[in-house]
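What TrEMBL lists as domain '4Fe-4S Wbl-type' is 26-88. If you look up TrEMBL, you'll see Cys27, Cys55, Cys59, Cys65 marked as [4Fe-4S] cluster binding site. According to TrEMBL, the region 'Disordered' annotation covers 72-100. What TrEMBL records for 87-100 is compositional bias 'Basic residues'.
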Amino acid sequence: MQTIVRTERYGYGAVSTAAPVRPRPACADEDPELFFPIGNTGPALLQSEEAKAVCRLRCPLMESCLQGALDRNESGVWGGTDEGDRRRIKRRAARRRTVA
Ligand code: SF4
């Protein structure tokens, strides 16, 4: 949508008043419980894999979501990873730091 406005410098002109389109997280369309499996065996493992698939296959925010989860030590599935995946990512990063 455009609106005609008057600016001091350019006189009258059209400016866009449409809200910027923001990427929508894929989990917004899912049951939030899916991302918080209880336990890490049997059905909880399947649930975790299903949640990770939502992230990995459909979410445009995966990288920033993963970084946020790493920074905040979140529990549950975030950014296509579960807690175990994120622990491994952190261990690998720590090892790389000690080697470098
Ligand atoms: S990557 Fe993050 S925002 Fe995207 S679906 Fe997964 S949990 Fe939701």
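Every residue gets a Cβ built from N, Cα and C, even glycine.
Features recorded in TrEMBL, as mapped to the structure shown.
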{"residue": "Cys27", "record": "[4Fe-4S] cluster binding site", "Cβ within 10 Å": "19"}
{"residue": "Cys55", "record": "[4Fe-4S] cluster binding site", "Cβ within 10 Å": "22"}
{"residue": "Cys59", "record": "[4Fe-4S] cluster binding site", "Cβ within 10 Å": "18"}
{"residue": "Cys65", "record": "[4Fe-4S] cluster binding site", "Cβ within 10 Å": "21"}
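Highlighted in sequence order, Pro25, Ala26, Val54, Arg58, Leu61, Met62, Trp78, Gly79, Gly80 have their Cβ within 8 Å of the centre of the Cβ atoms of Cys27, Cys55, Cys59, Cys65, the residues recorded for [4Fe-4S] cluster, and are not part of that set. For the domain '4Fe-4S Wbl-type' (26-88), the predicted model reports an average pLDDT of 97. Counting residues of the region 'Disordered' (72-100) by DSSP class, helix then strand then coil, yields 18 helix, 2 strand, 9 coil.
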